[in-house]
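Enquirer: So that we are looking at the same thing, I have put the structure below in structure tokens.
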Amino acid sequence: MDVDNGEGQVQVHLKTKQEQYAVPDVPYAIDGTVTTVELNTFVNALLRQKDGSSDTDFDFLVFDEYLRGRLCDHLREKAISFEDAIEIEYVERFPAPEPQDCLLHDDWVSAVKARGKWILSGCYDNSLNLWTNKGKHILTISGHTAPIKAVDWISLDEETGRFVSTSQDQTAMLWKWNVGSNAVDCVSVCKGHERGVDSVSVSPDGLRFATGSWDTMLKVWSAELDDGVEGSSKRMKESGVRTPKITLQGHRESVSAVQWMDATTLLTGSWDYTLKVWDLSLEGIKTEISTNKSIFDASYSKLNRLILTASADKNLRLYDPRTNQGSVVRNTYLGHNAWVQTVMWSTTEEFLFVSGAYDNQNKLWDCRSPKAPLYDLLGHGDKVLDIDWSNPKYIVSGGVDNTVRVFKSRKALAEDTETK
């Protein structure tokens, strides 16, 4: 069997975790030159023999990586012996997200965050905007005196929404929105940073938020309506000025990314080429991961406990904060043609994430497919500055073309199908 030359047959076992698509667990002899096209044809033929199923599109994993070319080339690259049967796992292909809306703004959109049926955006004209996820503009909010850099929701119910924004004006601002009357009040102006505030993240319980700044500092603040700080001056309370609960020093350049990993642990990424994991109970650094590029964004998945970075090159990188070899890259994802500005894991799909870059493109990835994204999400006419997948139904992104692009993901597409 001359599989090394891309000829002959290979013995395979076909496995799936989706029981409705299972085929008999027996060895199959297939040509070494097969691709996903031929494997799809083969598996669907077996399923038709089994129960008359209609055709389904599948992706195939060989040794935990998506098959993107010929099977023999994949095995050769992995230095896999052809003596034993090869296990191929197949999964139903994730459907391509569909463009839904283009939300027009007056300036660059540098921050987006979706929650429930609402989208919050922040712009370089210093304004915040609220939209429905169906594309209706609800409100423009003024208050900051310099471009917005980051936003996050604190809480949301039928009556009230609360959120935080950060800006190059060196402040974070806490807002309370009355949904019924569509009125917004600034609850507090958070002062303490000495340069622009680049990143923000609200704690899982909604009681605190963290900010990262060009002053290299990480600060933790109360997100409660009454921050309950004993001894705060009457003047500060009446003026709505809020000061940080904790200030953490350790980065040498801008703290461009911050995210709560759990109730007492924070992840930060910086232009100083490092990721840091902070233990708030000790108020110190728990883990440091050195990288070889400035980090523009970082995302931690609570589902798989891995970290992705977007950096000052064309690549995304995957790290495991639990390993003793903290500087070792677990995987590199190739596909963008310019600096990658923003990245975010799915909150519901363990292996999926999205990215946006200076090549004007968003991409949807599976972390088991490092050589190519699953899909390109086209529409932006200029650099992408921020991307969000907080709402499992929608992928939203903002960019230099003054727009927010909204794409329906699988959950929204499934709901559309059910209502037809």
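Every residue, even glycine, has its Cβ placed from backbone N, Cα and C.
As annotated by Swiss-Prot, region 'Ubiquitin-like (UBL) domain' applies to 10-92, with the evidence given as sequence analysis. Summarising the annotation, Swiss-Prot assigns repeat 'WD 1' to 104-142. The repeat 'WD 2' annotation in Swiss-Prot covers 143-185. Taken from Swiss-Prot, the feature repeat 'WD 3' covers 192-231. Sequence annotations record features per position, and here Swiss-Prot assigns repeat 'WD 4' to 250-288. The feature repeat 'WD 5' is assigned by Swiss-Prot to 290-329. The repeat 'WD 6' annotation in Swiss-Prot covers 335-375. Among the features that Swiss-Prot reports, repeat 'WD 7' is placed at 379-417.
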Enquirer: For the repeat 'WD 6' (335-375), give me same-chain residues lying six or more residues beyond its boundaries with a C-beta closer than 8 angstroms to one of its C-beta atoms, as numbers and ranges.
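Expert: Beyond its ends, the repeat 'WD 6' (335-375) has Cβ neighbours at 59, 61, 64-66, 68, 94, 96-97, 296-304, 306, 308-316, 318, 381-390, 392, 395, 397, 399, 401, 405, 407, 411.
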Enquirer: Among the recorded stretches 192-231, 250-288, 290-329, which has the greatest number of Cβ pairs closer than 8 Å to the repeat 'WD 2' (143-185)?
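Expert: Stretch with the highest Cβ contact count: 192-231.
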Enquirer: Mind checking how the repeat 'WD 2' (143-185) divides into helix, strand and coil residues in DSSP?
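Expert: Within the repeat 'WD 2' (143-185) the tally stands at 0 helix, 28 strand, 15 coil.
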